Structures are given as C-alpha cells and as structure tokens.
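Per TrEMBL, the feature domain 'CTLH' maps to 100-152. As annotated by TrEMBL, repeat 'WD' applies to 268-302, 313-354, 367-389, 498-524, 525-567.
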C-alpha cells in the first residue's frame, strides 16, 4: 500500500516519515373548563401558581410550563374533559385570556379586532407583530376577494398591508390579484400554485409558528419532547447498531456489545501475499480485495452471509493498492502502485479499459457520480479526469496530490478531496474552483470520506485518527486512538447503523472499533496474525465487517452468537474459504 513519504515510492512496506371556519371550543388550541360538582370545588382550594415553581429532582422543569404541555397533549389526544379538568384543578390555564380571545377572533374572521388584540399580547419583538399582522391581513384580503369585495380588498392592501413595509414581493403578487384575477395562478419553484385564502384553522396553525411558544404552546409539544428523549438515548447508546422496532417509554434504551460484529464467521484465504485493500460495493452484495500479489478478487456475499469467489482479476504488473466501485456497482476501478488504472465489468470479469499517461504512473482512482467519468491521481502531483473511453477531459495541475493512494469525490460531484501536502488535505470544486483546506499538525497517511459527504476520517502518523466536519467551515470534532501504527499505511472506515462507528486495523494484528460521537473505544477484535491494513463495513449490513491483513487472509466478522452453524464449518463456527465456497 502507499506510504506517506512524498519523495519515495508508496510501497506498502515503505516506512512513513514524520380550513374551515371553526369554533375554538372544538380546537386543540383551547378548551373551556369542564363542569364540576360543588363537592369538587369545596374539596380543594383555588391555588395561585408561581412561575418559578419547579418539579423533578433536577430543579429545571417549571411546573407551569409542564402542566400547560400536559394539558395540550390531552387536548391533542382528544381527551377534552381531562384537559379542561387539569386546567381547572391546577389553576394553570393552557392559554391566557387575551390569547384565547385572539384565537377565537381568528376563527370568527374578526380581522381588525384580532390585529388589535395581537398588539395587546406581550410580544417583545416588533417584527413578530408585523409578520403576524401581515398573515392575518392577507387572509382578510383573500376573503374579501373571494366575496367579490374588490374595493375593500384594495383598501386593505393599500392602507393596512402595504404600510407594514415587509415582504414586498408578496405585496406585488397580491396587487396582481386585483389587476387580473387570472394572475392568482403563479409559477413557483415546485410548479404552479394558487394565491388564495387558507382555512382559518390552518391560519391559526401558521400564526402559532410565528408566535413564541410561551404565548401558544406548539402542537404535540409533549410528543416532540418524548421523541427527542428517545433520540438522545439512541445517540448515547455506545453499542446501538440495529434498527429500532419498538422503543418502550417505560424503560431506558440500552444495547449490549452483542450488537457489534466481534466474532470471526469466515476466513478468506485466496490471496497468496499481504492483503492491502478491500471495499464492499455500495449495495453490500460484493467485496473487492487486492494486495501485494497483484491480484484483485471479487467476492460475492451469499444470502446465508457466506462469501465465495466470483472473479479473480489478473493483469496488474504491480501490487494493487486502491480500488473504487462505480455508482451502480456494475464496474470496478483498480489501481496498481504507480502503474495503470484498469476498469472491469463485475458481471463478466472482463477488463474493459486501461487508463495510463505516458511516462507517468497513476496512484489513485475514483468515479464521478454520473458514472460516466473517472478521476485519477498522477505521480506528477496532478489529478486527471477521463471519459470512460480514455479521453482526458481535464487535468488539474500543480500540487493537487502526493503519493498517497486516496482520492475522494463527493456524491453530488461538486468536490474532489486529495492530500496536497504531507499534512494538508485539499477540497476543491472542479466547477466552482473554490478551495477549502484541512491542516493537520502531523503527516497524513490516509483518509476516507463518509457516504453522506459530511465527514472526513483522517489517519495520522502519530497513531491518531481525526474526524473532521467538512460541511461549511471545516472543523475537527473528534479524535480516536489506542491502535498501533508505526510503519505502515492503515485504512480506517465508517460503519455500522447510520455510520455510527469508526473501525481501523492496527499493527498489533487487531481491529479497533470506536463509537463515532463519543470517541469511546467499544471493542477490539483479535484473530489476525499480522498487521491489519484495511477494514470495510458492509453498507447494507451493520453486523458485517471485513478486515485485510499481512497474514494473507481476510476475516469476516459478525455478531457473537453462541450457536453459529454453517455448512462445512468447524466446531469453532468459523468457515474457511479457499476458492469458491
């Protein structure tokens, strides 16, 4: 595999250098208190609640807010009597009297009165008052037009909506409705849309989005908070690696280590020398492997999870240090160390094309998202783009890459990622020409781009792996360590459910797995007898991980189950593959 020394050939063994009109009484926004008996009233005194009263052991949950949220939840579930009873018994109304009046005026279509009441609500932000007034008056405008009261609609537009001095583009659209009724159909970004009044219930929902939650409790706020709590539990679970069927609110979510692939299920032994690189196809149905024996092997993943050889690709004259699957997984690019790039048909096993540059070697390869162009790093530190037939379309010269066999292309096709200096990664737009850089303090030995293009995983000379957020302004968000890397290039990977884990090989013959968010080391996998050079997590199966080693083997890791039985497997539950299974 490629070393990180810029002036030496990157052999794997090279040492790396340093609606509707409605009644509010039928709305979930507000309910009238339910009737109660005299005995009920006598049984409990009317309580005046303080805004600073709290509940819970943390002392952070305000009782007034908590009760209001519960009341809203009861109403939204249809338990109107229970919601009204809670308001009455607690003495805490869901909405204040002025807000109740405002909401009823909206539903009754009393536009001028509702705008006047809006100004009586204690709103600190004058912009919110203006935007809410605009929405109300726009509804008034449309209802007047619908009633053929064109002159009153024009008056509303001129004397009430216009003076607000906001959303001038929308005001012009409303003006067109006066001049020509046919203009009420406009062309928008997602097609045509009609300018017209909404239902008053819908209007109330839109106003709710504008007004602060202290004024009107957002709909289903309690459900939203519970869903947030469940998401936080999942994020905090260090071993979560399975799709969630049902999560109970009655117990906290917790997974065990049994969700992490930690048991060797199969050992693939078809390589005759060190295995340097491997990568699953995007659909997880194939695994490609390569290494010092100049051989590329395509393994097919059977329905029972076992691997068998589909093709052996020979033709490279030098060790194969890098590979890249086409977007549709029908083709594979393979790159020999400072040699040529070959394009293979995965189904037939045929070499379709060979890409080369006179007097120069190729060191990396990748696909454009359209599958019609390929990119390659070149030994003269440039990056070239070819069409599939080998015509060079573009060449970015200058210090674009060094002799590290890594090349990243974002799935939107906008950016190419490469190591341009020993400690610098370059992200450049081949169309926009915009550039961003990641500057490390240590020599970079390899990197990998996450499938969602949000993160970059960078392996360093000092035995650390760094996780960078590359959306917007680049920033370092996590570091992983514990593995051993002194001499060779090791290729880590993202993996698991939602790529929640980081895995890497190590020179101590083990595989290390970290929880991506927390940086916690959650598992080490022993079994190989030589340096583990590369790991790849099956993107379609969070419970399947592959590792490539100097011991000439590939190990397939799965869940640690007590009674794993495969046809032809030994008592250890490990299936050995020499040739087709």
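Residue 1 is the first one shown; counting continues down the chain.
Using N, Cα and C of the backbone, Cβ positions are placed for all residues, glycine too.
Remember, TrEMBL labels are computer predictions, not curated facts.
Broken down with DSSP, the repeat 'WD' (313-354) shows 0 helix, 23 strand, 19 coil. Under 8 Å from some Cβ of the repeat 'WD' (268-302) lie the Cβ atoms of residues 1, 12, 308-314, 316-325, 327, 329, 332, 334, 336, 344, 346, 349, 491, 530, 533-541, 544, 546-550, 552-556, 576-579, 581, all in the same chain and six or more residues away from its ends.
Counting residues 6+ beyond its ends, the repeat 'WD' (313-354) has Cβ neighbours under 8 Å at 1-2, 9-12, 276-277, 279, 281-283, 285-286, 288, 290-298, 361-367, 369-371, 374, 376, 379, 388-390, 403, 405-407 in the same chain. Within the chain carrying the repeat 'WD' (525-567), a Cβ under 8 angstroms from the stretch's Cβ atoms is held by residues 1, 12, 241-242, 257-269, 271-280, 282-285, 287, 289, 291, 299, 301, 304-307, 451, 488-497, 501, 503-507, 509-513, 573, 575, all 6 or more beyond its ends.
Within the model, the repeat 'WD' (367-389) carries an average pLDDT of 93. Look at the domain 'CTLH' (100-152): DSSP puts its residues at 41 helix, 0 strand, 12 coil.
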